[in-house]
Amino acid sequence: MGRRDPEEGQLPAPVKPPDGGWGWIVLFGCFVITGFSYAFPKAVSVYFKELMKDFHVGYSDTAWISSIMLAMLYGTGPVCSIMVNQFGCRPVMLIGGLLASAGMILASFTTNIIELYLTAGVLTGLGMALNFQPSLIMLGTYFDKRRPLANGLAAAGSPVFLSSLSPLGQVLLEKFGWRGGFLIMGGLLLNCCTCGAVMRPLDMGMKRKMDKAQDKYEAKEMLPIGGKSEEGISTTDGTKKAKKGKKPKKGKKLLDFSIFSNRGFIIYTISKFILVLGLFVPPILLVNYAKDTGVPDTEAAFLLSIIGFIDIFARPACGMVAGLKWVRPHVAYLFSFAMLFNGLTDICSARASNYTGLVIFCVFFGISYGMVGALQFEVLMAIVGSQKFSSAIGLVLLIEAFAVLIGPPSAGRLVDALKNYEVIFYLAGSEVVLSALFLAMATYCCLNRGKKKEPPPEKNPTAGGGSDTEEAESDMQEAEEHSSDNHQPAHSTDNTVVAAGEEANHVAEEQSGEAGGCPERDGEVLARDGCNTDQTVERDRF
């Protein structure tokens, strides 16, 4: 059934992700938010030496600032999901931007390390968490066919901001000191509010159009103009019956735990937990590992710049590859390959003993790390869909928070105990490889085989990244069919069966006798003129 123009009195087409237009502005906002969320906790480390001098604390004490920021970013995932489901993305992001900025501004007036933990750590970390998660939700709302590319471009914000915020922080530290630097950084975080302001809800304008079209249609059809009086009356009756038959909308869940019944989500969560245990260990220990092998300090620090530079190009490129028609249905396997590539890179470079070997490691690690960063949220969106993504990402981030608190600290303790980085690289690489193998094998055995046994439905989006708009299209099509049935004019009483409740069976028997012995199907009432299925009226409609 074709869709007509709303001006003609018909309901407008379902809301589809535009895959462009204002979505590019949303993508840029998500790019900025992702950059601040991932790069800011690392960029703050340039102030640690000055903080150690002023507050007379050790490096481990100041390092807790970044750790608390990351813990808030991951651990407050369910809180963010509840707030987004309750208030929407835009208000939550505006509040988050204000909190992040206020945290850094207040941190510039602190007098001890505990106050820094509460301001720069807790308050700023919470603000960035309230920005990061809603931005990803809005990105999935505005993009469907180009969603893998959009995720890759947004994820590129992390290396871009890391390569720019760290030098900027060093310049601010030299000119204004750490207090002035924190104050200016707080001002920069107000840009999160700007990014939140552009996160316009996609269905806001469409709801207004649908309400306006519905009112116009009802006003037009209820007027008894000429021969359309009967049509207006029948349409009014049909509309009333349709409204009576509608079920009341259920309240939106603050946190949807039903996603745990999704086997794909369980598999993804387990593999992601194992992945995070070892993913962040090599870049954290890389500089110290290079220094222990005799590499100068400046060249050792340049290794992280190599990873960041490669990462900038790897993420969008991987997003483009994941968006290809023959790749997107199998995006989970591409994600498994990216993790396997990353793990093998760690294992093969464990014995690198010179600067050239470390540079080669950084190149391959940057490629694989960028692939993982570009695909991780795309795979989650493909598994749970855009409707449940807000709850899914909150729960996943909470589970990842435990892995973040377990993996890097445990690796640091092993380094202190063994005085050997080679074992740590082997262990981290093995964890990443294990997560890749688990995701690939579990997806093939538990998901794909189960789908082969079950008969495929008429419209089922592909498991690896089908279109999220197919369900919305089918729902809207059913609504249009129902409304069109109520809008059809009455042609003749000889071709119409009017029955209600128990009278439908009596009318069916009389009409079947007049039809010349035409067989009556179960659940159907046949019209008088022959056995044409086009004139079949289901009893459920009575």
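Glycine residues also receive a Cβ, built from the backbone N, Cα and C atoms like all the rest.
Quick caveat, the model's predicted, so the values are computed rather than measured.
If you check TrEMBL, you get these features:
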type: COMPBIAS; residues: 468-478; note: compositional bias 'Acidic residues'
type: COMPBIAS; residues: 486-496; note: compositional bias 'Polar residues'
type: DOMAIN; residues: 23-447; note: domain 'Major facilitator superfamily (MFS) profile'
type: REGION; residues: 228-247; note: region 'Disordered'
type: REGION; residues: 451-542; note: region 'Disordered'
type: TRANSMEM; residues: 21-40; note: transmembrane segment
type: TRANSMEM; residues: 63-84; note: transmembrane segment
type: TRANSMEM; residues: 91-110; note: transmembrane segment
type: TRANSMEM; residues: 116-137; note: transmembrane segment
type: TRANSMEM; residues: 149-169; note: transmembrane segment
type: TRANSMEM; residues: 181-202; note: transmembrane segment
type: TRANSMEM; residues: 265-290; note: transmembrane segment
type: TRANSMEM; residues: 302-324; note: transmembrane segment
type: TRANSMEM; residues: 331-352; note: transmembrane segment
type: TRANSMEM; residues: 358-377; note: transmembrane segment
type: TRANSMEM; residues: 389-411; note: transmembrane segment
type: TRANSMEM; residues: 423-447; note: transmembrane segment
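Among the stretches 63-84, 116-137, 331-352, 358-377, 389-411, the one making the largest number of Cβ pairs under 8 Å with the transmembrane segment (423-447) is 331-352. Residues 23, 27, 30-40, 42-44, 46-47, 135-136, 139, 142-143, 181, 185, 305, 307-309, 311-312, 315-320, 322-323, 370, 373-375, 377-378, 381 of the same chain sit 6 or more residues outside the transmembrane segment (149-169) yet have a Cβ under 8 Å from a Cβ within it. Using the rule of three or more Cβ pairs under 8 Å, pairs at least 6 apart in sequence, the transmembrane segment (358-377) is in contact with the transmembrane segment (302-324). Sequence-distant contacts of the transmembrane segment (91-110), counting only residues of its own chain at least 6 positions beyond either end whose CB sits under 8 Å from a CB of the stretch, comprise 33, 36, 80, 83-84, 116, 119-120, 122-131, 134-135, 179-180, 182-183, 185-187, 189-197, 199. The stretches the transmembrane segment (63-84) and the transmembrane segment (265-290) are not in mutual contact, being linked by fewer than three Cβ pairs under 8 Å (pairs 6 or more apart in sequence). By the Cβ criterion (under 8 Å, sequence separation of 6 or more), the transmembrane segment (389-411) is not in contact with the transmembrane segment (181-202), since fewer than 3 such pairs are found. Remote same-chain residues near the transmembrane segment (116-137) are listed as 29-30, 33-34, 36-37, 40-41, 44, 51, 55, 64-65, 67-74, 76-77, 79-81, 83-84, 89-90, 92-93, 95-104, 106-107, 110, 154, 182, 189, 192, 195-196, 199, 377, 386, 389-390, 393-394, 397 (criterion: CB distance under 8 Å, separation of at least six residues from the stretch ends). If one looks beyond the transmembrane segment (331-352) by at least 6 residues along the same chain, the residues whose Cβ comes under 8 Å of a Cβ in the stretch are 148, 271, 275, 278-279, 282, 293, 318, 321-322, 358, 360-361, 364-365, 367-369, 371-372, 375-376, 378-379, 382-383, 421-422, 425-426, 428-437, 439-440, 443, 463-465. For the transmembrane segment (302-324), the list of distant contacts is 145-153, 155-156, 158-160, 162-163, 283, 286-287, 290, 331, 334, 338, 358-359, 362-363, 365-371, 373-375, 378, 465: same-chain residues at least six beyond its ends, Cβ to Cβ under 8 Å.
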